[in-house]
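**Student:** Please read through the structure below; I'll follow up with questions.
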């Protein structure tokens, strides 16, 4: 590079190899989201084999989903340290090992460990890096790229639902788990496509900076020891305080805890934690509900395929709509509407008693589900910006894992208690309508406050008595927009260049 550009990480190419990265994210995100839902095909048979209840068998998917989300901070730290490519490849290996081990389980507790924890942790190492790497490769076309990558979930679900039914009838659930473990190893191939952007230059600069910092710290320590020995002053207490401070700085380097002071981030976090209490349970129990009403197994599995086909079309379409000049500046409102629409579908599900009614429900559910998933991470990046997105994903997923873990088992308890599935769907619908309403109201408040703060900033800049110079004002505004504000003008940096990112930080 030219001397002026030396050491600067390149900006998002918005194309080129980025579309190959989108395909790799399509595969890994597809497995991460669709695999826990596709396993619902085996639940009825595994339940009969081990003699468990609905709530006990639902813990398999719940533990897997909760581990996938709860391991988000670990995944973010690994991405910041090693990059997306090795993390996704290692995650694919863990997924394969977990499912192959599950084929030899002799109790439901062993299934919790192999399928829930090991495979779930492998899926976590697939999900977070895939979302992060797409954000690095795209800026102008980011909503479209995210929509295409997130479309991997319905495509995989549409494929896995009939495939799992076919595998079960020919090989049993144990043989099916062996084959599925081998299929999950394809995540390693998807991870190999995640070529880092400007990783070499950034890594060299980081190493040089760390070496210089260590050398400076060593010199200061030696000088301090000499001075303390001359004055007979102990330095143990100060050293302990410095070590504690350094430890906190190292943790904050990988996870930016100052996000908890970010108003938009907190609104997003509370709304999503509430939403996930009813987000996954309807998918987990859709096929068992169809079988409970007397529908044959293949027709019940076909409902998941219908949901996935509609979802497949809804995600990229939602990405295109969200990227339009009318929706993108107010994408948070669109996200709130999608969540409330999802909840309304669940509230109306008990009215669908026939197979035709379930087909209609699955179609609308697939549309609403695709809209939410297509904007799930795009709205978060819109709030915190690309520079802090890696930490934000990790912090959000660890908070969401609790409600993800409890959602399906609570639904199973309602089914066991009342002997009817309608109370589970009503619970999920009510929770999601409440979450959508909360996000809509609080985002309206957030936009009003941002407009007020922007007006105050302009007033201060126009005030001739202001002490700040024009350059200082511009510098502070750039800093605030990177750290605190949503991307109200997402493309304003196109002519100025994109902020340098080193290995995701």
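The backbone N, Cα and C atoms fix where each Cβ goes, and this holds for glycine too.
What you are looking at is a predicted structure, and each value in this text was computed from that prediction instead of being measured.
Okay, these came from TrEMBL:
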type     : residues : note
COMPBIAS : 454-482  : compositional bias 'Basic and acidic residues'
COMPBIAS : 489-505  : compositional bias 'Basic and acidic residues'
DOMAIN   : 18-447   : domain 'Major facilitator superfamily (MFS) profile'
REGION   : 454-505  : region 'Disordered'
TRANSMEM : 16-36    : transmembrane segment
TRANSMEM : 57-78    : transmembrane segment
TRANSMEM : 90-123   : transmembrane segment
TRANSMEM : 144-163  : transmembrane segment
TRANSMEM : 175-194  : transmembrane segment
TRANSMEM : 265-286  : transmembrane segment
TRANSMEM : 298-314  : transmembrane segment
TRANSMEM : 334-353  : transmembrane segment
TRANSMEM : 359-377  : transmembrane segment
TRANSMEM : 389-411  : transmembrane segment
TRANSMEM : 423-445  : transmembrane segment
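Context for these features, please: burial, neighbours, distances.
**Tutor:** Here the domain 'Major facilitator superfamily (MFS) profile' (18-447) has a mean pLDDT of 79 out of 100.
Sequence-distant contacts of the transmembrane segment (57-78), counting only residues of its own chain at least 6 positions beyond either end whose CB sits under 8 Å from a CB of the stretch, comprise 32, 35-37, 39-40, 43, 46-47, 87, 91, 108, 111-112, 115-117, 119-121, 123-125, 127-129, 132, 254-255, 276, 280, 284-285, 390-391, 393-398, 400-402, 404-409, 411-412, 504.
Residues of the same chain lying 6 or more positions beyond the ends of the transmembrane segment (90-123) and with a Cβ under 8 Å from any Cβ of it are 28, 31-32, 35-36, 39, 46, 50, 52, 56-57, 59-60, 62-68, 71, 75, 129, 174-175, 177-178, 180-182, 184-191.
Within its own chain, the transmembrane segment (144-163) has Cβ neighbours under 8 Å at 18, 22, 25-35, 37-38, 41, 130-131, 134-135, 137-138, 287, 298, 301-302, 304-305, 307-312, 314-320, 322-323, 366, 370, 373-374, 376-378, counting only residues six or more beyond its boundaries.
Tertiary neighbourhood of the transmembrane segment (175-194): same-chain residues 20-21, 23-25, 27-28, 31, 35, 42, 83-89, 91-93, 95-100, 102-103, 119, 122, 126, 129-130, 133, 164, 167-168, selected by CB-CB distance under 8 Å and a gap of 6+ residues from either end.
Cβ atoms under 8 Å from those of the transmembrane segment (265-286) belong to residues 36-37, 40, 43, 58, 61, 65, 69, 259, 300, 303-304, 307, 336, 339, 342-343, 346, 349, 362, 365, 369, 372, 376, 379-380, 383-384, 392, 395-396, 399-400, 402-404, 406-408, 410-412, 415, 421, 424-425, 427-432, 434-436, 438-439, 442-443, 446 of the same chain, restricted to positions at least 6 beyond its ends.
Counting same-chain residues at least six beyond the ends of the transmembrane segment (298-314), those with a Cβ under 8 angstroms from any Cβ of the stretch are 34, 37-38, 40-41, 151, 153-158, 161-162, 164-165, 283, 286-288, 290-291, 355, 358-359, 362-363, 365-367, 369-371, 373-374.
Outside the transmembrane segment (389-411), and at least 6 residues removed from its termini, the chain residues within Cβ reach (under 8 Å) are 55, 58-59, 61-63, 65-77, 79-80, 124, 128, 131-132, 135, 254-257, 259-260, 265, 268-269, 272-274, 276-281, 284-285, 377, 380-381, 383, 424, 427-428, 504-505.
Residues of the same chain lying 6 or more positions beyond the ends of the transmembrane segment (423-445) and with a Cβ under 8 Å from any Cβ of it are 267-268, 270-272, 274-275, 277-279, 281-282, 285, 332-333, 335-350, 407, 410-412, 414-415.
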**Student:** Give the nonlocal contacts of the transmembrane segment (334-353) in its own chain as ranges (CB under 8 Å, at least six residues past its ends).
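**Tutor:** Residues 271, 275, 278-279, 282, 293, 318, 321-322, 327, 360-361, 364-365, 368-369, 371-372, 375-376, 379, 421-422, 425-426, 428-437, 439-440, 443 contact the transmembrane segment (334-353) from elsewhere in the chain.
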